[in-house]
Structures are given as C-alpha cells and as structure tokens.
Amino acid sequence: MRKVTPEHRTQERAIRTREDLMAAARRVFARDGFEVARLQDIAQEAGKTRGALYDHFKDKEDLFFALIEENMEADGEFYRTRLTPESSREERVAALVDHMEAMLCDRKRVMLYLEFKMYAIRHPHKQKRLAELHQALCVKGMDSKLHLVPELHEDNSQKRRAIFAAFGAVLDGLALNLYFDPGALSQEEVRSRIEQMVRERVV
C-alpha cells in the first residue's frame, strides 16, 4: 500500500480547492453575470477565503479561461468517445453537429461565453489581449482533435482564425436568438443551420 505523504495530502487539498472555486465561479457567473460577479462572492460561494482564490487565479479573467480550458477538456473527451481516426465523414459531421447543438443547450456555458465577449468589447484596452488568449485556447482545443476530425486542420493562422470566427458567428447568433425568443426557432431549425455550417467545412 502506497504511503500518503503530507505533500500528497497538500496537493490533493489544492486540487479540491481549485475544483470547488471553479464550480462556484460557474454558479456565480450564471447568477450575476461575468462583469458584475466579484471574486469575493466566488470565494464565499465556494466556502473559501479570497486568499485561497488568489493562490489559484490572479483575476476574474484568469478564472474564466480556466473554465474555458475545463470545457475544452470535456469537449475533447466527447470526441474521443464518439470518433476514431477511421470514422467516416458522416460520423464526423454527426459528432460535430451533436456537440455544437449540445453546447447551445447549455445555457450557463452560452451565457458565460457571450457575456465575456461583451465584457471584452466594453473594455477596449483589454479586448485585443483577451481575444488573443481566447484564440490560443481555441487553437489548442482544435489541435487536440485533429486526428479525429482532420478537416479542421489549417496551417495558415489567418484562415484558422477565420474558421473560429465563422463558427462563432453562427453559434453566437443562434444562441442569442434561441434564448431571447425561444419560440422563434425550432430545435430542428437550429440543428439544420448548424449542420449546414459544418458540412461547408467538413468536405
């Protein structure tokens, strides 16, 4: 039986604290909105001190990107479960459409992404840096599944950026209207628009 050292216990506590803080951040961001949410409220929601929060995250933006990375890890697991390098084109299309449709149905995730983009737009001095950080995470997330969806590969950085922008434009627009006026678009119409976008890329 492996001996549990004090260092190991400390590391486990740190991991649990970080997980608790991130879970609390999701709840507070969903409840209060990204811009209004305060770090002290997140710490209180998690039952931690502000000092404990600052041990893991330097600011609210840092916490947001940690949540994005967590989302992308879950996204990667979804694709690894659904696809193999031998999957057919139709299987890849179906997986991409199912995943994007599921993302739109996750209200907390949608609201967080949209509010963060609005936050960046409202703070022009931060916008370029935040957009570049978001782009870097998107590239990392895309690269992690290229062996499963090779059609997403693009060496040219500007073209790759355009892919993210095109996908984001469609998904953000659908999300805004889906939650603003739920009766305007049926789920079938939403899925149809996502599939059209995906098929234009997965050729």
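Every residue gets a Cβ built from N, Cα and C, even glycine.
Curation plays no part in TrEMBL annotations; they are all automatic predictions.
According to TrEMBL, the feature DNA-binding region maps to residues 38-57, out of the candidate ranges 18-37, 38-57, 118-137. The average pLDDT computed for the domain 'HTH tetR-type' (15-75) is 94.
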